[in-house]
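Data block below; observations after.
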Amino acid sequence: MGRKRKHSEAEAAAPVKDDTAPERPKRTLLGWKDKKEDVEEAKEASVSVPEFRNKEKVLVTCSRRISYRYRHLMLNIVSLLPHCKKDSKVEAKSSKGATLNELVELKGSSSCLFFECRKHKDLYMWMVKSPSGPSVKFLVNAVHTMEELKLTGNHLKGSRPLLTFSSNFDKDVHWKLLKEMLTQVFGIPKEHRKSKPYHDHVFAFSIVDDHIWFRNYQISVPHNEADRVARGGLDKMTLVEVGPRFCLNPIKIFGGSFGGPTLYENPFYVSPNQIRALEKRSKAGKFAKKIKAKTRRKMHELSNLLEPDEFADMWKDDE
Amino acid sequence: MSLGDDFVEDDEMNMSDEDGAASDSEAESLSDSDNEITEKLTEPTKTAVYNRDGLLDKLQDISWPEDVEWTHKLTVEIDQGQEAVDVNDDLAREMAFYTQALEGTRQVFGKLQEMGLPFLRPADYYAEMVKSDTHMEKVKSKLLYEKKQMEETEERRKARDNKKMAKEVQSQKMKERAKQKKDEIESVKKWRKQRQKSGFSEKGAGELDLEFGNGKSFQRGGGGGGGKKRPGVSPGDRSGGKGKSASRMNNKKREFRDSKFGHGGRKGLSKQNTAETTNDFKGGFRGSKAGGSNKRQKR
């Protein structure tokens, strides 16, 4: 705990202090950074924009009465993102906007992933940027967790992923906004204390049929050195799926966190409740339809009488 | 849960249209709204909000500054190409995702290599992995099991094919053998007839221009009928052949008699020479053990 504070203090102090006193060397994952460079950077930094540091922290929670499959999905996501913090379950019915906002403020996180499970069947995911950021509500489908034995890949816990987006994220404004949010939430900050070096897995976000599909692959490349691929090695690269897998259907985008003015509504979205209701209704009418069909048949028969059958009396006289 | 839910959405659109045609007011109103929902964006703001400016504003708010190094973001955009992937075709969809990720990784690795940053995990770097070792063991055992199943089915199929082949070959052989047997008998009959005709004259073997096949068939004594009755014995062996091997029938009887009357061995070989004794002119009994081994070697 103490070490964490020291590190962040040194970072925060460096750009502010200017070039007066040489600070202790900045400790990065790759070794100690040289003092001279540090001072130079500080000089530059103080002159121009302060050096950008990704301070993203994600809070991950769920509602109560979440089913096991979705809980495992949430745990998988927690293990994928070292810059997240898992919190205890949130009571459902109360005005969840306010409580969750408070929770996010309390934990000092800059964004939140909230998994809400309704009727023990449907999973909704809220992705929210904290202080005043936009929030998105998704319906999650097609969930496969990492525990499935068919997903055979494995990677370092906390290594930074490569994020690939399909090109149709740039086609429309709401997709661009979603892309930015996904980058910030799913991308691990560069020198996060729990992150590991080397990039050995890749996330793939694609838009197909107006849904965002998520896949996580492990990269396996035959190599000898850490910073160079053997010649032709790129061709021998294979990806093995690690999981989890899910599909997001954006429902609404709000201007505030967990509420606020609606900025976007998905015109194609039909809630799963409506779908179920319609299915039931179609089945429910079966008996009524049968009765109607019978009466229709009767009417039809009455109106179009059959011709008298010439063979009807054939066997009558045989008795 | 899975894909079923996703695509019921599309089915539901069709269903709602049919319902709208046929039945109640409730269904009709619902299907009307559904129809409205399926129409995109030409709707009044009530049904489908799309506040582009608002979205752009928010985007500006949350974006990182423009000059942020790419290494912070690690994003790459892949062009999907023109073909729209059918969502319902699982294989094609997964292939599309796979190629997207592969292409992205290639590009990123190219960039990272140019930048000179390490990005590949060395073989001796051990750290906590996202799936535990026990889980990976399970995965491995499942993979091995599947491989074994495949191999077994392959083997079974091969064995079945081989059996078929073998059966064919065997039936061929049997036919051939039968044919040969018949031929030989025929030839012997012919020869006898010929001799009868020519009145048993002793003209010599030159007259015998009958085909006997190869000498081998004759050796067998007319094929099968007079087959070798003493298989362990070569024709020129005067010694009387090998004794019966111990693992034959009447083993118990033999054992009992051996124990009572001593071991036995081959008959009458004690006075014949072996390789060693040929050159011993002094000869004689060099001790019981030597004699015993002599006998044993003359097998």
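Positions of Cβ are set from backbone N, Cα and C atoms, glycine also.
Over in TrEMBL, the protein carries these features:
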- B:1-45: region 'Disordered' (REGION)
- B:1-36: compositional bias 'Acidic residues' (COMPBIAS)
- B:145-299: region 'Disordered' (REGION)
- B:145-167: compositional bias 'Basic and acidic residues' (COMPBIAS)
- B:173-189: compositional bias 'Basic and acidic residues' (COMPBIAS)
- B:252-261: compositional bias 'Basic and acidic residues' (COMPBIAS)
- B:270-280: compositional bias 'Polar residues' (COMPBIAS)
For the compositional bias 'Basic and acidic residues' (B:145-167), sequence-distant contacts whose Cβ falls under 8 Å of one of its Cβ atoms, 6 or more beyond its ends: none
Helix, strand and coil residues within the compositional bias 'Polar residues' (B:270-280) as assigned by DSSP: 3 helix, 0 strand, 8 coil
Secondary structure composition of the compositional bias 'Basic and acidic residues' (B:145-167) [DSSP: H/G/I, E/B, coil]: 23 helix, 0 strand, 0 coil
